[in-house]
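Now, the feature entries from TrEMBL:
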DOMAIN    B:94-291  domain 'ABC transmembrane type-1'
TRANSMEM  B:9-30  transmembrane segment
TRANSMEM  B:100-121  transmembrane segment
TRANSMEM  B:130-152  transmembrane segment
TRANSMEM  B:172-191  transmembrane segment
TRANSMEM  B:230-252  transmembrane segment
TRANSMEM  B:272-295  transmembrane segment
Amino acid sequence: MSEYLVNIENERLSFFTPAGEVKALNDVSLQLREGEVLGIVGESGSGKSVTAYSLMGLTAYPGRLIGGSLQFNGHQIDQMTEKEMRKIRGNEISIIFQDPMTSLNPVYTVGDQICEVVMLHTDKNKSGANERAKELLSLVGINEPEKRLKQYPHELSGGMRQRVMIAIALACEPKLLIADEPTTALDVTIQAQILELMMELKEKLGMAIIMITHDLGVVANMCDRIAVMYAGKVVEYGDANDIFYNPSHEYTKGLIRSIPKLTEKEHSKLIPIEGSPVDMLNPPAGCPFAPRCGSCMKICLREMPPYTDVTDIHYSACWLLQKQEFEKQQAQKGDA
Amino acid sequence: MAKYIIKRIVMAIITIFAVASVTFFVMNMVPGGPFMSEKAISPQAQAALNEKYGLDKSLSEQYITYMKDLLHGDLGLSVKQRGRTVNMIIETKFPVSARIGGMAILTAMIIGVPLGSIAAFKRGTTIDNIIIIFSTCGIAVPSFVVCTVLMYVLSLKLGLLPTYGLTSWRNYIMPVMALSLYPSSYIARLMRSSMLDVMGQDYMRTARAKGLSQLVSIFKHALRNAVLPVVTYLGPLLAYTVTGSFIVEKIFTIPGLGSEFIGSITGRDYPLIMGTTIFLATLMVIMNVLVDVAYKFIDPRINLK
């Protein structure tokens, strides 16, 4: 078994729409060790969720994996059949979604929906599953679990429903929990509670987490590693310090500039990233961020930049870094 | 729940009262009368007949008498079918129509729900297209064409089924087929669109993420949510269908209530018009209450107040 729990290499995935092929993921590579938290940040349509869903074999129609290798916990995900994938889903990999209001089936009780996954992946019978469901509800901090089990989703608040979703996800003690913007639909105080709960459960159960979000504040606090995605590509990868204090990609820099700061004066304006996201039907030949980039060079429009290592675990896809690297080497030669 | 049912019963009585009143006055506003068309009727005989059926009285008097009788469940004497009360006619004819109509709706459900679900599940494929074409045709083709084609093919050409009467189970096949074509097509279309909607819901993604198979997630998680629009449609549909179809009953010579409906209007059989209309209205109201109650059982979010 490899040293990684998750190892995605050069994943390419496209959606074949009537208007043409939408290249949602272009050579995405990501690694994650057991018990680590990986944050994937990026704007809507950058491929964050698509990457995570493909890891569960849940790519939505008309999407199709067209290249690359996806390994998880010794499984070669990209070569597994639907039947084999079903054994992993909800068992070894679980997911919680953005909107807890709509992610639970309105016509079944909370208990039914938790028991379902327990009974699917374990030998427990109905009463055993019920016991486990009670345990899980206590684990996610819901009081009176006995009563809650018999309630329907609409009788619970948003935060409570997200806790139920987490209970469902953790029912079989997965190795990996994917959290797809788990707090976007919740209000701020509940957001903090849910994130805290997730971190607490991570410590308790020792699972790895992939946290998909566009909230940089969330990743800063939680994640061991951060991948910044833009237009179906990981443009920068590093730990929280690298990304926040030493961003090397122009897009990451722009993202960080656009975070509101407490220290700023009352009427100072936020600095947005100018321009609009790329048209994924007709992606540019060069760096996808080039048209919006303040430091765009000629080569940026023509050719895709390769990855440049900033440190051992921090790399970034930007021509500027290649240029700096080249100049450094020239200078060294000159000295010699 | 009990409070809700009582409330609905009160509303039902008001509705039926309104239907009865409007029908009564509109019916009498239409020119003509029950004995106008018959030839060589002497003025004395005409007067005697009018007196017998109370048609000589003023309209308001007639209305009050009728409503009084209605309260006792008495729908009056048929004007055209001598010696038979409207209650008798409905009692004998309704079971025939109800049997055929009920079977037709059952067939429509058995065909429509799976067909719509399959179409949604296989959206964009040939199977989906075939189902769409079938259901569009089923809605567009009028029932007299369906009846005639069925008769021509199954009875005349293949000699498989009898063309008229209701003597054996084989007599029921064609009328039920003809009656169920439209509702099964309609249900298939309803089911397809609501299934597509449900399949795109987040909780379906959750079901898949749990590791459930497509089939289980559709049967357990989608069907119950998707069937709601069909249930809504089913209530009034059932009321209409069990009271009989004029065309189908005429073509297959079935002694059902549907023919009485139309016959009563052309013959100006006032009590029968009133009786059949009130009967249909009552059924409709009951069905709607049943639909609401069924809703509550299918979807726990619905609160009956």
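Yeah, the Cβs are placed from backbone N, Cα and C, and that goes for glycine too.
TrEMBL entries are annotated by machine, without manual review.
Same-chain residues lying 6+ beyond the ends of the transmembrane segment (B:9-30) with a Cβ under 8 Å from its Cβ atoms: 59, 62-63, 66-67, 70, 270, 273-274, 277-278, 281-282, 285-286, 289. Panel annotation: around the transmembrane segment (B:230-252), residues 93-94, 96-98, 100-102, 104-105, 109, 112-113, 143-144, 147-148, 151, 163-164, 171, 174-175, 178-179, 183, 186-187, 190-191, 194, 258-262, 276, 279-280, 283-284, 286-288, 290-291, 294-295, 298 of the same chain, lying at least six beyond its termini, place a Cβ under 8 Å from a Cβ of the stretch. Long-range Cβ contacts of the transmembrane segment (B:172-191) within its own chain (Cβ-Cβ under 8 Å, at least 6 residues beyond either end) map to 99-101, 103-105, 107-109, 111-113, 115-117, 119-120, 131-132, 134-139, 141, 143, 146-147, 150-151, 154-155, 161, 163, 166, 226-227, 229-230, 233, 237, 241, 245, 248-249, 251-252, 254. Remote same-chain partners of the transmembrane segment (B:100-121), defined as residues 6 or more beyond its termini with a Cβ less than 8 Å from a stretch Cβ, comprise 127-128, 131-132, 134-135, 172, 175-177, 179-180, 183-196, 199, 214, 218, 222-223, 226-227, 230, 234, 237-238, 241-245, 248, 254, 256.
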